[in-house]
Amino acid sequence: MPLNKKVLAIVLAGGEGNRLMPLTADRAKPGVPFAGSYRLIDFALSNLVNSRYLQIVVLTQYKSHSLDRHISETWRMSTQLGNYIASVPAQQRVGKSWFLGSANAIYQSLNLIHDANPDIVVVVGADHVYRMDFAQMVEQHVASGAKATVAAVRQPLNMADQFGVIEVDQENPQKIAAFVEKPSSTPGLAADPTQFLASMGNYVFDADALVDALHVDAERLDTKHDMGGDIIPYFVNKGEAGVYDFTLNDIPGSTERDRTYWRDVGTIDSFYDAHMDLISPMPVFNLYNSEWPIYTRQSISPPAKFVRGQGNTVGTALDSIVASGVVISGGIVEGSVLSNDVYVGTASRVVDSVLMDKVQIGEGAVVNRAIIDKNVKVPAGAAIGLDPERDRARGFKVTESGITVLSKGQAVPEPDEAERALSAANLHLVPNAIKAATENYPAARDSAAKVGEAHAAAVGVSSND
């Protein structure tokens, strides 16, 4: 970071997150729990803090109570040293409207920029999963002479309608020649025709230039008051917009496999996929990089516990992330992420799923390819994620790709005989990880099969059922 530049960071955290419903029915999108112990906003804030930017304001609006509480309980800075992370809701300082867009959110909060009097303003989104050293981006911004710089990541061409698309100047690859927000199609890169440069929603501005642009935008009638749709094109048209290639960002402790990882988790399917990215032995995104930690609120729950259940059934978790306070009592968890204080009962199975805080899985229940929000109780013998039509009939959301989603505290009806039979048919199955490990060892494979039979028998299901 240039030592003679004062930097203020602004985190845009007012998003409603309609595409993440029902996970956002009771909270703002940046406040959605993620990866067992975190909330989505922790990634943006950790990246800023690790970049040594310690004057941060978080602009909130939509159902922000849990998000504001998380920030106040987790992100306590040393104000005696002039550092702070302040959650700032819409205040109607300019007119009587709430935030009308991301640019309007900053415009209505210009007092924060005036009070901090920075040279540089870093603006970031609050709902992406990645690691990034913003100091490296600021360094390029200052050296290039640009007034605005956009961080860019390569994406497949078929995703152009989901992002702001950047075309670079042919003579100066650090300069933006054109910027189009979510076009129906776009040409590919010269170096790789199958990809395009997408805006990451992270920006660096000269502070005075940003303030001027926001005033101009506020006076326009033909604007959506959007950072990507209106403010960045303003700088592009003036020839003052630069681009920062995310692949140049160098994070301590990163691997070739995860150093350019970036996920927009704005949909249920992408949110689910991001969790599945975490659980392999060599994950696409490594949560365990201690040189660039992702910070969050420390749990007061005790360590996780794996114990035998009824009938001497073995409690185990394979290829999974298990947070504090989890108790797996004779159940099997595979390829899943379990948040704090989850309980998994005797002979139950949780496969390829995401369970948030205090979810309870009853005896002999089966959960498959599901996301279950906080405080849901799954009764004994229930089957979730095995029959999409049955799930929809009970009021659960099922995505086109087959992910079943239960909202916070949603009631799960007691299973009927057909549902109990459906779950019972899955209790004998040997976990995929054990199948792979015992493939060439018949005796071990037979032993694993007997474990499955014992689990089923513990809840009164025979191998012939």
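Note that the numbers count up from 1, one per residue, in the order the chain is shown.
The backbone N, Cα and C atoms fix where each Cβ goes, glycine too.
Keep in mind it's a predicted model, so treat the numbers as computed, not measured.
Matching G164, G188 to the alpha-D-glucose 1-phosphate binding residues that Swiss-Prot gives (E181, K182, S199) identifies G164. Neighbour list (S199 (alpha-D-glucose 1-phosphate binding site), Cβ cut-off 8 Å, at least 6 residues apart, same chain): V150, A151, A152, F163, G164, V165, I166, F179, G228, I232. The number of other CB atoms found within 10 A of the CB of K182 (alpha-D-glucose 1-phosphate binding site), across every protein chain shown, is 14.
In this entry, G164, E181, K182, S199 make up the residues listed for alpha-D-glucose 1-phosphate, with the farthest two CA atoms of the set 10 Å from each other. Within 8 Å of the centroid defined by the CB atoms of G164, E181, K182, S199, the record's alpha-D-glucose 1-phosphate site, lie the Cβ atoms of F163, V165, F179, V180, A198, G228, G229, excluding the listed residues themselves. The Cβ of E181 (alpha-D-glucose 1-phosphate binding site) lies under 8 Å from the Cβ of G164, V165, D226, G228, G229, P233, each of these being in the same chain and 6 or more residues away along the sequence.
All protein chains shown were included, and the count of other CB atoms within 10 Å of the CB of G164 (alpha-D-glucose 1-phosphate binding site) stands at 23.
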